[in-house]
Amino acid sequence: MDIKAYFELIRLKNCLTASFGAFIGGLIASYFNLAMVDNLILASIVVFLVCGFGNALNDIYDLKIDRINKPKRPIPSKRITLNNAKVFSYSLVVMGLFISLFNISCFLMAVLNSIVLQQYASTYKKNKIIGNLIVAYLTGSVFIFGGIAVGNIDVTIMLFLCALFAMWSREIIKDYEDIEGDLKEKVISIPIKCGERSIYIAAFLLIFAIFLSPLPYLFGFFGIYYMISVVFCDLLFLFGIYKLVFNPSKMEAKKASRNIKIVTNLVLIAFLIGSLFK
C-alpha cells in the first residue's frame, strides 16, 4: 500500500491545519485549562478524520476532471483505485463519528459537517456562490468544535464568525483571480455573475468581519491586550482590501487572498493572547 498516496488523497497538510484549529479553539474557549487536554486531543482527531473524508471525497467526485487537469493525483494516476478510495474515505468518517461520541454535541456537529462535506463534493463544488459559503463555514466551524469539546462556545462563536466572513471574502477573491478557468469549467461564481463588482462584495464581507472583531472585548470575554492585537490585524485587513478595490487586477487579487489568509492566522493569535491575558 502506497501510504504517501493516501496522505496525498486526504491532503495531509489541510487535515493537520484543521485539527490544529480545533485544538486552538478549545484552548481559547477553556482559557488554557490543561485539564481539558484529553477532550481537545479527541476533538482534533475527529476533525482530522472528517476533514480527510471530505478531501478524499472531493477527489472521488472530481475523477473525470482530474484525469485531464490533475493526472498525477492518487486516483487518476491509479496509485489508489476508485473503490479503495471510497472504502478509505468512508472508513475515515465512520472512525471520526465513533470517536466524537465522547461528547454528544461534538457527535452531532461531526454528523452535520460530514453531511455538508458530502453535499459540497457532490453538488455545490461547481456552484461557488453556495460553495464559497460552505468552505467558509467549514473553516470557521473547527473553532466551535473545539469550544464544544471543552463545554464553552461563547468566545469561539465570535472567532467562528470572524473566520467565516474573512474566508468567504477570500473565496470570492480567489474566484475573481480564477475567473477564466471557471468559465472553461462552466462553474457558477459571484465574479462570473458580477465581474469587478464582486470585489466590492468581498470587501463588504471582510469589513463585516472587522466590525465583529471587537466583540470579545466589548462583551468582556477578553481584555485590552486582545483589543490592541486585533486592531493591528484589522488595519492589515483594510490595507489589503483597499489596494484591491482601487486596483482590481488579478495580481492584486492574489496578494489580497494571501493577505487575508495570513492575517486570519494573526487574528487567531490575537484570540490566544486574549485568552491568556484576560
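Keep in mind that glycine also has a Cβ here, set from the backbone N, Cα and C atoms.
Feature annotations, reproduced from Swiss-Prot:
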type	residues	note
TRANSMEM	12-32	transmembrane segment
TRANSMEM	34-54	transmembrane segment
TRANSMEM	92-112	transmembrane segment
TRANSMEM	129-149	transmembrane segment
TRANSMEM	153-173	transmembrane segment
TRANSMEM	204-224	transmembrane segment
TRANSMEM	226-246	transmembrane segment
TRANSMEM	257-277	transmembrane segment
Item to check | the transmembrane segment (257-277) touching the transmembrane segment (129-149) per 3+ Cβ pairs under 8 Å rule | outcome: no
Next on the checklist: Below 8 Å between Cβ atoms, which of the listed ranges 12-32, 34-54, 92-112, 153-173, 204-224 makes the most pairs with the transmembrane segment (257-277)?
Outcome noted: 153-173
Item to check | Annotated stretches the transmembrane segment (153-173) and the transmembrane segment (34-54) touching (3 or more Cβ pairs under 8 Å) | outcome: no
